[in-house]
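Per Swiss-Prot, the features are as follows:
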- R79, G108, D131, N180, V181, E206: S-adenosyl-L-methionine binding site (BINDING)
Amino acid sequence: MERVIQETDNDAFSCKISAITKRYLPSSEQKKIGNYEHYEDIHLEFCKEIKSRSRRKYANITKACRHSLPVMNYGTYLRTVSIDLKLTQWLKNNLENPADKVQVINLGCGSDLRMMTFLASFPGVQWLDLDYKDVVTFKSTILRSNAKFRASLQIEGDLPEEPSSIENVITDRYQLLPCNVTDDEQLIPILKKYTDFSVPAVILTECVLCYLHESKASQLISTVTGLYKQGYWISYDPIGGSQTNDRFGSIMQDNLMESRQLSMPTLMVFNSEDKYKERFPGKSEIQTMWDYYQNHLEDSERQRLKTLQFLDEIEELQVIFSHYVICTTNWRI
């Protein structure tokens, strides 16, 4: 099951490269907040490193770029932009003074490269990426082997003669470590060693909770929110839909099982906006991607998106994006 879940990271990264090459990303609003001028270069550089290490992964990327449908690029755009902007706003609110410190903990980070932009933008940020060992080994090998990434993340030390022996990245402000985040015996010692429970923490779970069994997801939320005195959780996931005639969730489950033998155990448990946000403590806010598209994007940005690829089925966007949510939670002990 772990291996199958890890494959979804390659899908997500492939979709992001497609959205970047077709100019969906970065968005106009991302460009306004700064430090996105190297966004494309960072991702294409990482993609080049993938090509030299895994033909299969690179083939998936090129296939996604050749055959990506507008709805997929819109989805990647909304997913990426909504998370980035909510994270940016929270960091700005909590880093008003030069001495302020916060930490970002990305649970199930995969190939996500957000840390490059945010570490450059916010000197008061510490960043911790966690994922399964195989994912971390592959990502850390690229980060530690590439001169541009080493300079950006201030990675020191010689590269091991055997790249496969690289299992982490540890610098003053950035750590990438292997961890099964659903195992408290692995997770808690890492958080104790590399984070400060008295410092405000942002927790990112991007399409992570949906792949966990309900008990494991609840345990993860309870463990993490119980450790930090103040925190902000950003979670992005699909929801199955709660209306009687809504078959989105069941169709999605059938397709995943048929194509990958993969399940989303809580897709139909937390199948509505209200049910999804109730799983978190503290004050939570939730928004579907359709609502985000309709009410958050400026008219000029929606018009820009329409010029990138021909899209004739706006109703399809509404159906799909009404079943993806971004949920944010503030808590304080």
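From the backbone N, Cα and C atoms, a Cβ is placed for every residue, glycine too.
Swiss-Prot feature annotations superimposed on the structure.
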| residue | record | DSSP class |
| --- | --- | --- |
| R79 | S-adenosyl-L-methionine binding site | helix |
| G108 | S-adenosyl-L-methionine binding site | coil |
| D131 | S-adenosyl-L-methionine binding site | strand |
| N180 | S-adenosyl-L-methionine binding site | coil |
| E206 | S-adenosyl-L-methionine binding site | strand |
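Non-local neighbourhood of G108 (S-adenosyl-L-methionine binding site): L130, D131, V181, T205, E206, C207, V208, each in the same chain, at least six residues away, with C-beta under 8 Å from its C-beta.
Listed in sequence order, E206, Y236, M289, Y324 are the same-chain residues six or more apart from R79 (S-adenosyl-L-methionine binding site) with CB atoms under 8 A from its CB. Counting every protein chain shown, the number of other Cβ atoms lying within 10 Å of the Cβ of V181 (S-adenosyl-L-methionine binding site) is 24. If you draw a 10 Å sphere around the CB of N180 (S-adenosyl-L-methionine binding site), it holds 16 other CB atoms from the protein chains shown. Fewest Cβ neighbours within 10 Å among the binding-site residues D131, E206: this applies to E206.
Spanning the residues R79, G108, D131, N180, V181, E206 that the record associates with binding S-adenosyl-L-methionine, the maximal Cα-Cα distance equals 24 Å.
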